Structure formats: structure tokens, C-alpha cells
Amino acid sequence: MSWSTARLRQPSVIPGFRLTLGFSLAYLFLIVLIPLGALLLKAGELGIGGILDIAVDRRVLAALKLSFGASLVAALINGVFGLMLAWVLVRYRFPGKKIVDAIVDLPFALPTAVAGITLATLYAKNGWVGSLFGPQTWVGSLFGPKGLMIAYTPLGVIMALTFVGLPFVVRTVQPVLADFDAETEEAAASLGASRLSTFIRVIFPALLPALTTGFALAFARAVGEYGSVIFIAGNIPMVSEIAPLLIVTKLEEYNYAGAAAIAVVMLAISFVLLLVINLLQRWNQARMRA
Amino acid sequence: MDGAPRSNDATTEGPFLRFGLSGIALLYLALFLVLPLVAVFVEAFAKGFGPFLAAITEPDALSAVKLTLIVAAISVPMNLVFGVAAAWAIAKYEFWGKSFLITLIDLPFSVSPVISGLVYVLLFGAQGLLGPWLQEHDIKIIFAVPGIVLATIFVTFPFIARELIPLMQEQGTSEEEAALSLGASGWQTFWRVTLPNIRWGLLYGVLLCNARAMGEFGAVSVVSGHVRGLTNTMPLHVEILYNEYNFTASFAVASLLALLALVTLVLKSVLEWRYGDEIAASARH
Amino acid sequence: MGIDIKSVNKRFGGFEALRDVNLSVAPGEFLALLGPSGSGKTTLLRIIAGLEFADEGQVLFDGHDVSERSVRDRHVGFVFQHYALFKHITVAKNIAFGLEVRPRASRPSRQDIDERVQRLLQLVQLPGLGGRYPSQLSGGQRQRVALARALAIEPKVLLLDEPFGALDAKVRKELRRWLRKLHDEMGITTVFVTHDQEEALEIADRVVVMSKGVIEQVGPAQEVYDQPATPFVYDFLGNTNRLPASVRGGVANVAGLLVPAAEVPDGPGIAFVRPHEFDLRPSGTYGGIEGTIAHVFANGPILRIEVNVPAVHVAVDLQVEVEAMRQGVDGLSLTRGARVALAPRNIRVFPDR
């Protein structure tokens, strides 16, 4: 880099740099960074040892396990079905396709509390879906004398988290699949590859980065989700209590430091997971581009 | 390609697989999205139109609607101004630390809504960092409307900016430079050149931002204090009614929010179909 | 292997891509499908490959009807315009792909595959690059990898869709000559699509000129260029002058010059003369079209001369382009305004429809 370009900003004739950047930074600090700083400060009062003490408390540990475990399962479900949905939406023609495509975004638009009470009602013992799995039904009896309980169990948590994460995989895979070069698929076929082996060897590897991104987004969203979960979860400590709810509980007990500690632990775990995924992605892209 | 796919066509699947995949995918969608959507309205009208109307016209419900509208009316314009300013700074200039700034703008999306509310409690709450000072001066933020607005701004912070940044980056700076070379002032350039170029993307961002602002639950729930008729937004009112086992009323208010979601989806789709090219494709989500 | 195309028709919605196309490709032949975009040349190639299927008609490989066979089972080597390399795997893996996807029973051993990949890398002159990813290669190198990948399955036919279209001029020239030499060594039946007449004329044994879904002319490159069968071929191959003519009793009057036109019916006609097929003579010479020089452009040893032919014998003023070697016109005054006679060495008259 030469000396003339080694300054903080390259010259431009367009006015407003100081104004727009200054305002943006001030707003960013006031709304986001200073409040998040307060969180770190509060958690910092406990020290690393204090935070860890709270994190390994049995109830907290169970909540963290549920939050991250259920989010992982939900993101995996969405990975599989989201890929399938993206495939169907891009590759096939059927009546009402535009409406189906539009409705995929419903979980983004529907307030979480509405989703929460609705899912709880649907999956409750006497709800539309829940009653299908009761002890008196054929399907339910497969799961033992009590039938399959969905609401107020970890399974209900997974259902709610699947709902909120549904659009992510579809929306990240869809454009990549639509842009996928038809010639590449034809090349595989002309070399004698079957449809399945074309998918496994050629199409899937090309979709994998987008699929991973979608998975990561769905996972991250699910870990922090609150509104759609608390109604269906039943919030039984050690069983179906998610970590964000525990933060709220601590706050209601005026245990600010405890709430801050759980929040910091959640953020740290999410951050590390997303960092790993990001590094994997980068390594993969660097390999292909170089 | 024209007509029905042929079985010997090498780049599509056989009819059984095609129907199977479509069937599973659509069933998944129906079960997880359509069924809940239908259920909201069915439950809302379970006891007929009278109770529904009563539930959405009682004073507490009306005050919740009013508060929700007020909160959206403050937080959306705030984020709109920020979004335009940030996108302008990021898209029109090259400066050190730009990609880090973009990461920071996205930060609120990766924070749990509960934590978004928590940070303000820690800052402004009774035992918060600024709590004692605020109490001395008799300023109430937490368990009051300002806290609700702040929490809403936090969770909807990135919406408009991240819609505009890729769009304005794609458009570059040549049109602005042309306007300036023709003697336009900075403001004239913005109003006459930049704004018309980004209007649909801006509208798209406002739409998504508004939907989230009106529907936010977790963050608002933490800072609101749930005072009926005073600090209850519509989603909080839904929760209270549900917890009081007043399901019909709860779903009645919820159905209003579901309607808002549907309207948002329709408008969003219309924008995508008609102005898809003018809304940066990369920003779809 | 020989290929026969019999009465093939293909429509895309309302668009007629191919109309009653018949063509035979001899074993070992190097054939070019030449035409402007939309002429149906790529559709024809894709129908031969099995990437597209004819609405009517047949495709025969060595006399066997393969019309309904999928591309997977046709064993053709297909090279795509934009290479269509698999970006996420190495060059060697790309080349090995067609062998690795075979069912276990017919799949060569790991060692055989590796050896074959090495041989092919040698053949396409990219030894040692097997470990690279496609993105690390230049355009010309990528196209050679695509060729090696197609050859790996030992196809009996090699089909190339605008194989050099995305390359710059210099690489294109090198690569097409190399491809011709490779073909001469291997003797594999090859069909390639191009819109570049120079490319087709230079390397193909025979050229098929197509327009609007119809074959206009088939023949050896030189013959197609020297004796175009239709006005389209005249126009499409090289520069040409279109001169209005009127035909009566098998003789055409082209701006005062009488030319034989035995097979052309009476009425208006069009005469074609290529710019380099004029001899420049002093004004008044018998057997020439009289005109005035409008412009002279010197381009190295070649002179491009625009000659105005006034509307004495014809309906409107004509501007005729003439190409001459500089030493061939010594003694003529080629200044602006000078009068000359243009004597065509080769002229062909078609009815004007």
C-alpha cells in the first residue's frame, strides 16, 4: 500500500461522510453497544468463576442443554425439509406455487406470541394435532399407555423452534439452487452419472455452503427464541425450561447478576458455534476459489 | 423447456420422485405453517362473532393496540433514519473498518430478544447502572413506555440498514457524481437521485421492520412490567389473556396480529414480484 | 462411429427450432455446425447428445436408433461452452468423474482410473495440474480439462458446443488447431457448433451451414465458401456485395453488365460478388461495371476501396466494396473521384424474393 492510500478513508466527491457515519456510529453506540456493554459489566462483577458457578448450576445447565439441544434438532429438521422445499419451489411447477413461496416467510412475519399460543393449542392433549397422538389413538398407542405428549415436553419445544427456523434454510438455498448452472448437471449426466449420483456428487456439494448458512441462522434464531416456546414448553424446571426463560425468571427475582451471567454464557456458546461454522465456510470457499 | 418432462430427460427426476418430494415438502409446509395460521382464526371465532368483537373492543385491548401503534410509530422512523444514514456511509465511501461496522449493525439479530430487553434493565432498571440517577430525577424508563420503545428499536435495529446496504452498494456512486457535477447540492442529490433509486428497497425494509416492531414479544415483555392498560402491547395482552385461560379473547387479539402478518406477507410478495430488480436480490430473507 | 439424423423436427412452444433436418456424419469425420444464433445448430447438437429430444424424426448411431435413449446411455463426449467443470473437486477428480460413477461391476480399479487420468492430462498438455481446482486454471486450460473429462469415458463421438466461444482470440486460434491435430491422431467422430465462420472453415472437414432451423448447405469448407448454394450462405460466409439485377431469358443485367443466369426465372434478381473477386480495370474496359472511387482505405498490403456506381443502369446509386492487393493495381490512379471499371471474376445471381 502506498502512503497516499494508507489513510483511514479514500477521498470521495460525495458529501455527507462525516454526517452519516457520525450519526450511524452514535446511534449504534447508544442503542446497541453501550447496553450490551452494560451486560458485560454486570456479568463481569461476578468474575469468570462466578459466572461459571451459575452456569454449572443443575437447573441452568439443564436449561442450556435443552435450548441448544432442541435448537440443534430443530435446525436439522429444517435443514432436511428446507432443502426439499427449496428444491420443489425452484425445480417443479405446480398450481399455487407463488402463494406457497410467499407463505414460507410466515414465521418471520407472525408475532412469536401468536405462534406460541397457537402451537400450544394445536399440540395440547386435546388440540387438533395433539389429540392424534393421545393414548386412545392407534398412533398414540405406539408410544406407550400415555400416548405421545407433545405440548409441555421437550418435543413441544422442538416443534416451536422448527416453526420459527423454517424460512432460513429455504431462503438461503433457494437463490443458489436457482442460479445453479444447468450445464453442470448435463455434464454429469453426459458422463453417465445417474440422477442420484449427480445430486450427491455435483449438486449437493454446491448447495452445502448455503445449506450450512441457513442451518446456522435457523440454529442461532432458535437458541434465543422465547415467545413461541414458552407457551408450549410448560416450563417445568429441569425438563422443559429454556435458557431465555430462566433469564426472565432471574430478572423477576431481581437477580440481575444471575440473569446477566446466563445471558453471557448463552452469547458465548452461540458466538463460538457461529465462529466455527464461519471458519469452516471460509476454509471451504478458499479451497474452491484460491 | 416446454411440455411435460420426459422420463429419459437427464436433468429432472422421474414422476414418482417428483410427486413424492413435492408431496412431502408441501405437507411439511401445511403442517407447520398453514395449520397454525388457520387455527388462529378458528380459535378467535370459536364462540362466534360477538365475543370476538367484545374482546378486541374492550378498553384494555384498545389501549394495547394504541401502545403498539405508538411504539411502531416511534421506532420505525428512528431505524429508518439510521438505516439510510448507515447505508449512505457504507455504500458511498471506502473507509477503514467498514466490514466490521456491517457486522456490528447485524449484531441485534444474533442476540436473543430476552437479552435485548435484559440489557436495558441492567442499564436503566432500579438496580441498573443508571438506575439510582434516574430515580433521583424521577425518570421512568423500565416498566414504562420509553423502555418498550428502546427494546423495540434494539430488536428491529438492522432491518432497514441491511436492506439498503447491498442495494446502494450495487448502485454505486456514478449517478450521485453525475448529479454533483451538474451543480446539485448534497441534499438535492439525495432527494432527487438517491432516494428514487432506493425507494422500493426502503419500503421493503420498512415493511419488515414494522411487522417485527408491532409483533415483538420477548424483549418488550422483559422491560414492560405488564401493567394492564398502561404498558401492555398487543402481544403482551395476548399473553395475559392466554394465561388467564381467556382463550377466545386471547386468540381474538392474536388474530389481529396474524392479519397484520398476512398483510405484510402480501405486500412483501407484491414488492418482490413487481420491483424485484429494485430490491437487492441478496437481501431477500 | 457414424451418425444419421433423419427428418428431425423440434419446436419450443411457438418457436420452430429445427425443421425437417437430415444429416449424415461419416465415421472419423470432423464436422462443423455453423450458423447465427437461433439457427438451431445447438439444438441439433443437443439432440444428437440426448440432452434434448426431437419431436419427430430419428437419431441413429451406427445404424441403431438411439432417439429415445437418455444422454446417460448414449456414451457421447460432450464439451460445454462454459466448460461446466465441477468447481468443488480437483482437475483429476473432474476427469475421473465419468469412470467413478459407473456401477461397481464396470468401474475400473482405482489404479486404472489414476493411470487413465494421468494419460489424459498428458494428452491435453496439462501434466502435473491434476491437484488444482478449476478456479485456479485459465480459460484455455479449463476447456482442455473439459475435453479430457469428456474423453475419459472413451466416447465414440465427441460433441462440442461453441468450445472456444468464451476464450480470447489468440487462445482460441491455438486451441482449435490443437483440437484438429488431436482429432487427426485419435480419429474420433467429432461434431462442433460455432458461429465463427473462420473457425469452421479452418478446421472442419465439412461445414453444415444452418439458418432458422434449416440446413442451407453441407459441403467441404472450401466448397461452401467458394460456391455458396443460397443467398443466406453468401451473406453469412465472408463479406459480399449485393447488387440488384434484372433477369430475362437466362441472362442477368447487373448495373449494365450482362451475366449468365441460366437457372434464374425472369424478373428481379440479386447478384453476389465478394469484394476480393473484383478486378480493377481502367474505365471503359469491356466487361466491367463503371463507377467512381469514393474512398480508399489502406490496410497494410490490402486496399479497401468504395466505389460509387451511379443509378444509370440500376434503380438507385450503389456503393460497391472492392478489396485488392496493393501491387495488383499498379498503374491505376486510385484517387477519390477517379473512374474505374469493376470486372467480377466470380458472380452468382439468385432470384430476388
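Using the three backbone atoms N, Cα and C, a Cβ is placed for every residue, glycine included.
Per TrEMBL, the feature transmembrane segment maps to A:20-41 (among others).
With a threshold of 8 Å between CB atoms, the same-chain residues lying at least 6 positions outside the transmembrane segment (A:62-88) that come near it are 55, 104, 154, 157-158, 161-162, 165-166, 168-170, 173-174, 177, 207, 211, 214-216, 218-219, 222-223, 225, 237-246, 262, 265-266, 269. For A:62-88 (among others), the entry in TrEMBL reads transmembrane segment.
Taken from TrEMBL, the feature domain 'ABC transmembrane type-1' covers A:64-277.
If you look up TrEMBL, you'll see A:108-128 (among others) marked as transmembrane segment.
Per TrEMBL, the feature transmembrane segment maps to A:149-170 (among others).
Taken from TrEMBL, the feature transmembrane segment covers A:226-248 (among others).
Same-chain residues lying 6+ beyond the ends of the transmembrane segment (A:254-280) with a Cβ under 8 Å from its Cβ atoms: 39-40, 42-43, 45-46, 50-51, 54-55, 60, 63-64, 67-68, 212, 215-216, 219-220, 223-224, 243-244, 246-248. Marked as transmembrane segment by TrEMBL: A:254-280 (among others).
Within the same chain, residues 58-60, 62-64, 66-67, 70, 111-113, 115-117, 119-120, 123, 151-154, 156-157, 159-161, 163-164, 259, 262-263, 266 sit at least 6 positions outside the transmembrane segment (A:226-248) and bring their C-beta atoms closer than 8 Å to a C-beta of that stretch. Within the chain carrying the transmembrane segment (A:149-170), a Cβ under 8 angstroms from the stretch's Cβ atoms is held by residues 66, 69-71, 73-75, 77-79, 81-83, 85-86, 89, 104-108, 112, 115-116, 119-120, 123-125, 127, 129-130, 133, 211, 214-215, 217-219, 221-222, 225, 228-229, 232-234, 236, 239-240, 242, all 6 or more beyond its ends.
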